Structure formats: structure tokens, C-alpha cells
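Annotated features, as they stand in TrEMBL:
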TRANSMEM  B:6-29  transmembrane segment
TRANSMEM  B:36-56  transmembrane segment
TRANSMEM  B:62-80  transmembrane segment
TRANSMEM  B:92-111  transmembrane segment
TRANSMEM  B:144-163  transmembrane segment
TRANSMEM  B:192-217  transmembrane segment
TRANSMEM  B:229-254  transmembrane segment
TRANSMEM  B:274-292  transmembrane segment
Amino acid sequence: MKRAAALSALLTLSLAAAQKTATIGWSGAITGPTSDAGASYAAGVEDYCRYAVSQNTLPGIKLNCVVRDDQYNNANTQRNFEDYVGNMNASAFLGYSTGGTLQLKSTIQEVKVPTLPGSYHIGNVDGADSQYIFLPISSYSEQLVSLVEYVAKKDRGAKIALVVNPSPFGRAPVDDVRKAAQRLGVQIVDVQEVGGNNLDNTALLKRFESAGVKYVLNQNTAGPVANILKDAKRLNLLGKMQFMGAHYTGGEDLTRLAGDAANNFIWATSYYMFDEADKPGIQLVKKIGAANNRKPDTIRSVHYTSGMLAASIAIEAIRRSKDPSAAGVYKGITSMTGSRAFNPGFTVGPVTFSAKDHIGAESLRLLQADSTGNFKAITGAQRSAIFPLVHPLK
Amino acid sequence: MNLDLLPQLLLAGVVIGSIYALAALGFVLIYKSSRVINFAHGQVIATGAFIAFALTQSGMNFWLAGLLAMLATFALGMLIERVFLRRMVGEPIISVIMVTIGLASVVDGLLHLTPYGAGNFSFTTPAALSGAGIDLLGTQLSRVQLAGVLAALALLGGFTYFFNRSTMGITMRAVADDQMAAMSVGTSVERVFALAWAFAGLTAAAAGVILGLMSGLTLTGLAGIGLKVFPVVILGGLDSVLGAIVGGILIGVLENLAAGYLDGLVPGGGTRDVFPFIVLLIVLLLRPYGLFGTKEIERV
């Protein structure tokens, strides 16, 4: 009996030793600038990995997800990436910031580790050294160009101001928005950089008002946008100006921070909303969030869903290729095309990638905040008609 | 140049400048009595704000939570002085500065361990402050802003009176002026230092709560205020409460004028963060001890 138990234990140990390991590393801002989005994103990555392990999504493969704070500091991102790739033999890297991803582009190309950034900057997947980088959803540029198209349809010739974060993340879509505005017959009259320390926006808004600005497009995180909206409400400008923004500006975070000043804010994103309870992806988000005892604010945040999407793509790629190496992940990701598109249910369209297509869920919707603090779709799932002309991918 | 904007920019500058002055007051209180520059002040501001936020989250009334947060940071200031700074009496000033920089890192790290270390939070505006504000000089001021300015002015006025009229205030100034002489007449220098740190903690919480109410609570933002208001105290004079008020308002107004008139001329704007420093440099070239700081003359 004792011998049988010993043999059984030995067999279990041998099987465990033979099991392959897939390491997925995330590096992003759990603290520091933009951590209002990054903390929830990290939680989404972590929780989806736990879920995949609990579901035995990768039979015979041990999934090791590592989540590290880089404080939105590119040097820390680089250090984390080098540790994941050099010491942990990572299968995939889940990035976060625009600056960090751009800085790592040539290294990623060299080490051939598939990377899914939280930054949706088109420059991540455009030009040289882009072979191993994949955007989970539509780019910031396409999101903002879609908003410019919306404005142009309603109000040709309208004056638009662009308010962006003072970082590569904020500046990423500026050129594309300018080009789109020119083609669509609207004017970009001002581009201003506003960061998280915007205690008072009176001067900014009053200057916009005196310049006849009717639409303010934001490329930022929810915190600075909430402060602008609260000041616009105080200055009675909410009826005179329509505020809009790309993915990281909106969602539950914005309505929680800005309160009723967020009413009517128009937001472009590819994700389903927390209150769309009939969507299987959202049901899964709620289930996983509850299982991990996350705070309601975290679960409601769209960035929690975003983190899950990035993790789910990497894990699905390993599942498809049955190979936890970086090459296997690349093979798995680029197989998500046509009838083999991946649809985890988090986004309004399926995730499609190929060797040439590096943008996952390309469809997006425009949504508008209502008085209950929820965002309701004002368009169906769509793609910008003009964006491919404004920014043809090389 | 649109001169119609000028009164609005000036008013907005005064409002935000008053809050800067309140945040800067903690620097002045400590420097005025002990000649120490506290680089952990921003972290104390953040601590006060998050204590108040945590209390309101547990269902406590906003005003009571604010008051308790001020008492908590009063005690924290006293504790910091007792545990870390008292041992540094008589040590070189650079050592003392390094201790406060180290303290900033430690408090920052501790705050990161709390649920408020990451993310963006906001107070639920109390009913008394959520109604319509007032229209002044063509610009609208919210009740939160008005309350912030009033609270800042009340605290600044109170401390001006305290230093000029009360026995303890004059004692604190005496200790700052000459520690040895103050000790020789029986003044408890330790008690004076402890009180200065405690008062600085109290004003830090007040500033943190007001800032949190106006623009939300983030650890980075609140802790960053400590350094953002540093030009205020340098400009006004490190040991002058009046200097903090004038410096705060001056920086606030300069920021708004730059944002109103220069940002449009510079790609991307952002002149509001630079312009006050240019003025600061010019002022310091002319008056190295600040506008209202004490000019120290050493006789040999």
C-alpha cells in the first residue's frame, strides 16, 4: 500500500515536471499617472488568468501570469519586459503605455515576443518593427476620427478643439484627427495638452468659448476629463459645447468622477458596457469579478474588461497552437481570421488578426452618457469610413 | 488679445491661488519655527484627504469627516516630529532635508498599500455645497470653490493672528529666530517644534479635503501639490504667512493669465506650468529671500 502511494506521488510529480509553462507578463500603471485606468486593467488581466486556470483552458500547460506595476515609467516597463523575456521565457507580453510600447518596438521585433498593449496608438502597429505587436481593439486615431465624422455629419464647418494628455498617449492621434478634419470640412482650431493636475480649467474653457469652439474632443484618461466637465458645468458651457472622447476618457469611471457633468458626453469605444447585461462577455466579466471579490467600481470599469480581453487573446492563442512558446502564441494570434475569428464577447465585433491585420476588434460604437450615469449606444457597431484614407497602414 | 477674459482669469487665479496658499501654509509653519523644509508635505496633504474620504465612505458626515481628518493629521504631524525630527535637532540642515525626503517616500509607500494608492476617487459633494454658485465678474464660482476660498482665508488669517498676537505664536517665532536664546529663557523648543508640525498637519488635511472636493482624489495629484506649491513659498518668503497668501494668489493668477493668453500661441499649450517659474526666477534674482521673507544679515 505504501509502495503504491509512493509510486502514485512520483507519477504525479513526473507529470507536473513534464507540464509545459506559459508565462504571460503584464507591465502597466497600477500606481502613478493614468493609474485610474491601469489599476482596473491589471485586475482584469489577473482575474482572467485565474479564470482560465480554473477552467483548465490550457490542458497540459501551466499558466503563469505575472502582473507588475511600472508606475507609467518607461524605464520600469523596459526592466519588467527584460525580466519577463530574459528570465521567465515569456510567451506573450501584455503592455500598457504608449511610450513604453513605442520604446520597446525594436526589442520586441528582435526577441519576437507577441505583444498586446493597453495603448491603442496606431503607431504601435504601423511602420517598422510592428510584426509582433497587436492592438486588441480599434486605434485611438480611428476612435477620434469616427467622432470627427459624427461632428461633420451634424455640423459641417464646426469648430473643434482637441484636448490631449501631455504624453505620447495623448499626442498619438493628433495628426490623424487634423487630416480627417481637413477632409471632412471641419476646423481644428486648438490643440491643448492637459494632464492630471488640472485643478482649474476656467482659462482653457473660456478661451475655447471665445474662439467659437462647439465640440471638444478629448484624448485622455477619465480624471482630467471629469475636471474639465465639472468646470464646463460651473461655467454654463455644457449646453454650448459638446464634449467627446476616445476610449480611455469615458465609461463608468467618468460618470463616477464627474457626476451629472458627464451627461451627454459622447464616447467612442469597441467594448460592451457593464449595463448591457444580456451580452455573454459582460456576464462573464461580472462572474469573474464577483469570484475574485473585486470592488463594484473595479468590475464596472471598462478597463477591467480591457484587461480581460488582452489576457483572453494571449491565452486563446496558446490554446489554439497548443504551444506555449512565443512562436506558438504568434501562430495562434495570426490564426484568428475569417471563420476562425476569436469572439470572447467583450467587444462589439469579433477579434480578428492575421500576419497583416494587427488590429483586433476593429468595430466601435459611439455612446452617450445619460442622466443615470450609463452610456447608451447612439450608433451601431461601425468602422470609420475615412480612417483608412487618413492613415493607410504601411 | 481678448481683454474680456481678463477679469475672469484674474478671479479664477485668485480662487485657485487661495487654495495654493493654504497648501503652502504647512511649509511656512514648519520653516517659521524650525527652519526645516518639509518635503513630505504633499504626502501629508494626501493622507488627510484620504482619511476624510475613507470616513465619508463609511457613512460619516462630510464635515465631521473633514474635522476628524484634520485632527488625525495634527496627531500625525506631532508623531513625525517626535519620532524622526526631534533626533535631528542640531544636525546639518541637509541631513534634516534628507530625512523629510525619506519620509515622503515612506508615507507614499504606505499610502500605496491602502485601497486609495491607485485609482481616482471623488467625494460626494455635501448638500450645502452642491447648489448653484454665484456669478462674479462674468465668471461663475461654484459653492465648493467659495467654501474653499473662505476656509483657506480663515485658516490663513487665523495663523497670521496666531503668530502676531498669541504668546505661543511669538514664542514660535522666537525659537525660529534663535533657538539657543529661546532655550536660555526657558522655552521648550521641542514643544514648539511639535506644535509647528502638528499645525502643518492640520492645514495639510484642510487643503487636501478642499482639493479633493474640487478636483477629485488621486495619490499622485495630491502628493504632487506639495511640490507644486513650493514656488509659492519661495516667492512669498519661506517664513511668512502673508508671503504664502500673496505668493499663492500671484502664482494662481499668473497660471491663469498664461493659460488664457499664452497657451493659444504655443503648440500644445502648457505655459501655465512654466510661466510662474519664469516670474519666480526674476523675483528671486531681485529678492533672494522672497517677497516677504526675512532678510538675514550675519554680522562678523
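In case you wondered, yes, glycine gets a Cβ from its N, Cα and C as well.
Unlike curated records, TrEMBL annotations are generated automatically.
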Restricting to the same chain and to residues at least six past its boundaries, which positions have a Cβ under 8 Å from a Cβ of the transmembrane segment (B:144-163)? 14-15, 18-19, 21-22, 25, 29, 32, 125, 129, 133-134, 169-170, 172-173, 199, 203, 206-207, 210, 213-214, 241-242, 244-245
Based on Cβ pairs under 8 Å, which of the stretches B:6-29, B:192-217, B:229-254, B:274-292 lies most in contact with the transmembrane segment (B:62-80)? B:192-217
Who are the long-range neighbours of the transmembrane segment (B:229-254) in its own chain, taking Cβ under 8 Å and residues 6 or more past its ends? 9-10, 12-25, 27-28, 31-32, 37, 156, 159-160, 163, 176, 275-277, 279-280, 283-284, 289-294
Using a Cβ cut-off of under 8 Å, list the residues of the same chain at least 6 residues beyond the transmembrane segment (B:36-56) that approach it. 23, 26-27, 30, 62, 64-66, 68-70, 72-73, 76-77, 80, 85, 93, 96-97, 100-101, 103-104, 107-108, 111, 114, 116, 121, 123-124, 197, 200-201, 204-209, 211-212, 217, 219, 222-227, 238
Against which stretches of its own chain does the transmembrane segment (B:92-111) lie, if we need a Cβ under 8 Å and a gap of at least six residues from its ends? 35-40, 42-44, 46-47, 50, 80, 84-85, 117, 219, 223, 226
